[in-house]
Amino acid sequence: MMERQYQSVRSYLINNQHNAIAAGPFLQRVAGPEAHSVGRNVGDRAVRLNRQAVLDLLKLAEDIYADTAYMQADQPEASSRHFATLNRMRLLLIGVQDPDARRNLNSVLARIEALLRVDVVNDAEVNVLSGDFYEEYSKYISYQQTFAQTPTASASQQTQTSLPRPQTSLPRQTQASLPQQTPFDQPEMVSPPSFVHTTPAILPQTTQPPATDTFSRPSDEFVYVPGKERAVPDTRFKPPVPPKPEHLKSRPSSVATNAAGATPVAPPPPPFPSADVTTSMPPPPPPFPSADVTTSMPPPPPMVDLATSMPPPPPPPPPMVDLATSMPPPINNAINNLLIDAMVAETNKNAGDNRSALLDQIKQGKTLKKTQPADGAPATDPRSTLLSEIRQGKTLKKLRKIEDQSSTQTLLKDVDTTDKTKTILKNFVTNIDRISKQEQEEKDRLDTITKRRPAVEHTDGNSTGNNSDDWRDD
């Protein structure tokens, strides 16, 4: 007897659902790369999950649910359960004497042994085959019990044997009408009163359990059928049908049709009257006239001449007129100019501005001139203009350095006027020399800083090297 090396993971989990299962050893025994991938992430009573580990775990759960995942069975007790069942089936097969039943049961045992000899076995298949074996064996036992209880007398003796009838309380008239003894081969049926009938004795038989089909029965399913020589004679008798009650014997000829859901039936047509049939018939049609049909027909309409009946031709088109000769004489240019000037003046008077004239020029495609600022325009504050330019991010122009003192005095003279808009820059122009000196000092300071920076960096490097040497010496 060869023991199995693998078993179903689903069966193992169902059998050990109340036991504590260690995740590490369990995943090492399960066959498949998914279980090994998840088992590598198990350690220190914790599981480290990433995307790949979760996908492998879901695939393993799907295989376990579909009963396609297997695991190693190290203990021999886990695989000896089916072999013990197989031994019990063999013991039951020894007592089977019928050749047909023995052949069918032996084929089931051969299929179970073939499944147990392979390395990978599905417990569901073995359980289905075991159920088929016990089902066929129960059928064989039920047939054997029925055959053992049938009488062994000859057919002639069976016809002379009468079945015992139970004594039922019948009225005296019925008991008097019954014969004293009726042979079995000629039964005489007597109709008892309503709802009272006799039932023959039925032979005791074992209750046969209903055959329950399995969910994965093989295609070569077999059904045990006994041979003709072992067929059991049917000794059952159907009880007589009780007579109909009194209220059902006489059924009315017409059935009520006014029940709910019944379709109404149209009444039959009334019968013909008993009077003479000729009086009720319609009068005959009038006879045709005896005159000639051709003379009675109206004459056809006269033929119309198509040439005379055509509509008249359309009228001729109007004559062509020369546009040059038909145009009116032009109006005097002087009068035309006066009218245009009057219209423009009226438009300017009504509108109050030159917008209409500007629009007309734009429509005519003329090049417009730039508008000249008005002489009396309000003066703008230079400070506000400067601030607005700074806010807008415009680049300010640099001040021109005045080298000649005479030019500076001339500028001051030009600026120092009675106009208030020009006297605002007086203070700024007088401080030009001081501003230029400050700019020169700022440039000298930047040059000094630029020259000192390499020296400072060289000094810092020496100090850093000295510090590192001191640290090493310490």
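Indices start at 1 and increase along the chain as displayed.
Each residue, glycine too, has its Cβ placed from N, Cα and C.
Under the heading compositional bias 'Low complexity', Swiss-Prot lists 152-162 (among others).
Among the features that Swiss-Prot reports, region 'Disordered' is placed at 152-328 (among others).
Swiss-Prot lists 163-184 (among others) with the feature compositional bias 'Polar residues'.
Taken from Swiss-Prot, the feature compositional bias 'Polar residues' applies to 204-217 (among others).
Annotation comment: Swiss-Prot describes 227-237 (among others) as compositional bias 'Basic and acidic residues'.
Taken from Swiss-Prot, the feature compositional bias 'Low complexity' applies to 255-264 (among others).
The compositional bias 'Pro residues' feature in Swiss-Prot is assigned to 310-320.
Note on the domain 'WH2 1' (354-371): its mean pLDDT in the predicted model is 80. Residues annotated as domain 'WH2 1' in Swiss-Prot: 354-371.
According to Swiss-Prot, the feature region 'Disordered' maps to 366-385 (among others).
Summarising the annotation, Swiss-Prot assigns domain 'WH2 2' to 382-399 and lists sequence analysis as the type of evidence.
The annotation compositional bias 'Basic and acidic residues' is assigned in Swiss-Prot to 434-460 (among others).
Among the features that Swiss-Prot reports, region 'Disordered' is placed at 434-474 (among others).
Distant neighbours of the compositional bias 'Pro residues' (310-320): none; no residue of the same chain at least 6 beyond its ends has a Cβ under 8 Å from one of its Cβ atoms. According to DSSP, the secondary structure content of the domain 'WH2 1' (354-371) in residues is 10 helix, 0 strand, 8 coil.
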